[in-house]
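Visitor: Before I ask anything, here is the structure I am working with.
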Amino acid sequence: MAANKERTFIMVKPDGVQRGLVGKIIERFEQKGFKLVALKFTWASKELLEKHYADLSARPFFPGLVNYMNSGPVVPMVWEGLNVVKTGRQMLGATNPADSLPGTIRGDFCIQVGRNIIHGSDAVESAEKEIALWFNEKELVTWTPAAKDWIYE
């Protein structure tokens, strides 16, 4: 996959949806120059969430995390672009909002780690796994934005 075709999985969590932050989050990724290739508005089942967070299943906070993520609708998305996984994580800010810098999504919009409004893949491999878990191949839209020549050399 070409470097500017890298994909990441980003999901607005229930608190981000309830607070009306979906548009602001999408706007930040669009303004950066990343391309949206998939988006859903859904209420995730506990089974799906348990698969998504399987690597955390032994942690004491796991049941609470699954319940929180199942407490309202979420907005899973797939974004594409050059170094989108790394840059996306930087845009999100630290997992704990108290450690997030102003200008990051978490630094600007949240206070506590238990309500940190957004998830982002931490590596290309986890992005591929998460994208396959939440979207089927037909839901990933291939298109060319008119602005691409103004973003990439």
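Any Cβ shown, glycine's included, is placed from N, Cα and C.
The N-acetylalanine annotation in Swiss-Prot covers Ala2 and is backed by experimental evidence. Sequence annotations record features per position, and here Swiss-Prot assigns ATP binding site to Lys13, Phe61, Arg89, Thr95, Arg106, Asn116. According to Swiss-Prot, the active site, pros-phosphohistidine intermediate annotation covers His119. The feature phosphoserine is assigned by Swiss-Prot to Ser126, with experimental evidence given as support.
Tell me about the surroundings of these features in the structure.
Guide: Neighbour list (Thr95 (ATP binding site), Cβ cut-off 8 Å, at least 6 residues apart, same chain): Arg106, Val113, Asn116.
The secondary structure of His119 (active site, pros-phosphohistidine intermediate), as reduced to three states from DSSP, is extended strand. Neighbours of His119 (active site, pros-phosphohistidine intermediate), defined as other CB atoms within 10 A of its CB across all chains, total 20.
In sequence order, Phe9 make up the list of same-chain residues 6 or more apart from Ser126 (phosphoserine) whose Cβ falls under 8 Å from its Cβ. In the three-state DSSP assignment, the secondary structure recorded for Ser126 (phosphoserine) is helix.
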Visitor: Hey, how far is Arg89 (ATP binding site) from His119 (active site, pros-phosphohistidine intermediate), Cα to Cα, in Å?
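Guide: Distance (Cα to Cα, whole Å): 9 Å.
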Visitor: Using C-alpha atoms only, work out the spacing between His119 (active site, pros-phosphohistidine intermediate) and Lys13 (ATP binding site) and round it to an integer in Å.
Guide: 7
